Amino acid sequence: ELTRTMAVNLRAVTSWVGIARLFAVVLSCLAFSLVASTGDFRGPYGTWCMFTWCFCFAVTLLVLLLELLELYPKLPLSWDDFTSAFSMLAALMVVTTSVVFPSIFISSPCSGSKCARQAVATAASCLCFLAYAVEVGLTRAKPGDISSFLSTVPGLLKVFEAYVACLIFSLLDPYGSEAGLQWCVAVYSICFIFTLLIIIFTIGRCLTYLPCPLEKMMVGYNALALMMYITATILWPLYSFRGRSRPDPCGRNCWWDRHLGVTFLTIFNLIAYLVDLVYSTKMVFVRTP
């Protein structure tokens, strides 16, 4: 009775999802605190790592507080879609940071207290990724349940596709007047914008304004995006590396490595859109009893 009077939902921190979020809060806080104590997080990569840990810590703590105090129903958004999308985004951001930070800031041989703190921060970041991955697995919609779109496999893939597109944008450099490369950038931009709009419309409960059901629209959009990414997968390496050999030496910010990274990320998104098309097609044409 006291808990009901205080309007406190203890399941927000005692359920498996709540425990995973608590671990994520503690581990992300530990990671950015240790790195901040070293003072070695300058430059774009260090800024990205610190932003990731601080952003995930702050938003996850806010989610916990809103669920603990049962304030989230008053927000003008789909809470299940928001938390599913954020946990997927946080998992992707933290796993990227867990790879980037040690490769950039931990030197070999590694010795001293500074290196030890950086190593512990890296381990905490890896465990933080596991916590978010567990949350994604626990909140993922069961087969046949489409009450919250972003917790389904196609919804989670939408977050993945948008994040990979952001990584591609971070690796792009002035691509000149090559028509093939301009088309690839157009593909990345168009697909990113439409994918982001789908995520925003879903979280903002604006799907009723769409002229057709979301599931059927997804089939058409994914088929179109897949065909566009097929062309980008062919044209990007063709125009990027044609007649150009890898420079020697090729430093940390070498154009060859960036273009190679864009090539692999394009392939990743191509596979994601293919899987997305398969799942969205099953959602429309195969009904689970």
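Cβ atoms here come from the backbone N, Cα and C positions, even for glycine.
Positions annotated as domain 'MARVEL' by TrEMBL: 12-144 (among others).
Here the domain 'MARVEL' (149-285) is broken down by DSSP into helix, strand and coil counts: 109 helix, 0 strand, 28 coil. Taken from TrEMBL, the feature domain 'MARVEL' covers 149-285 (among others).
The transmembrane segment annotation in TrEMBL covers 12-36 (among others). For the transmembrane segment (12-36), the list of distant contacts is 46, 49-50, 53-54, 56-57, 60-61, 63-64, 67-68, 90, 94, 101, 117-118, 120-122, 124-125, 127-128, 131-132, 134-135, 138-139: same-chain residues at least six beyond its ends, Cβ to Cβ under 8 Å.
According to TrEMBL, the transmembrane segment annotation covers 48-66 (among others).
Same-chain residues lying 6 or more positions outside the transmembrane segment (86-107) and placing a CB less than 8 Å from one of its CB atoms are 24, 28, 35, 40-41, 43, 45-46, 48-49, 52-53, 55-56, 59-60, 63, 115, 118-119, 121-122, 125-126, 128-129, 132-133, 135-136, 139, 150, 156, 159-160, 163, 167. According to TrEMBL, the feature transmembrane segment maps to 86-107 (among others).
Among the features that TrEMBL reports, transmembrane segment is placed at 119-138 (among others).
According to TrEMBL, the feature transmembrane segment maps to 180-207 (among others). If you look at the transmembrane segment (180-207), the same-chain residues 6 or more away from its ends with a CB under 8 A from one of its CBs are 76-78, 81-82, 85, 149-150, 155, 158-159, 161-162, 165-166, 168-169, 172, 214, 218, 221, 225, 228-229, 231-232, 235-236, 238-240, 266, 269, 273.
Look at TrEMBL and you will find 219-239 (among others) tagged as transmembrane segment.
The transmembrane segment annotation in TrEMBL covers 259-279 (among others).
For the transmembrane segment (219-239), same-chain residues at least 6 beyond its ends with a Cβ under 8 Å from one of its own Cβ atoms are 154, 161, 178, 180-181, 183-184, 187-188, 190-191, 194-195, 198, 259, 262-263, 266-267, 269-270, 273-274, 276-277, 280-281, 284. Taken together, the residues in the domain 'MARVEL' (12-144) have a mean pLDDT of 90 on the 0 to 100 scale. For the domain 'MARVEL' (12-144), the DSSP-based tally of helix, strand and coil residues reads 110 helix, 0 strand, 23 coil. Same-chain residues lying 6+ beyond the ends of the transmembrane segment (119-138) with a Cβ under 8 Å from its Cβ atoms: 16-17, 20-21, 23-24, 27-28, 30-32, 34-35, 53, 56, 84, 87-88, 90-91, 94-95, 97-98, 101-102, 106, 110, 156.
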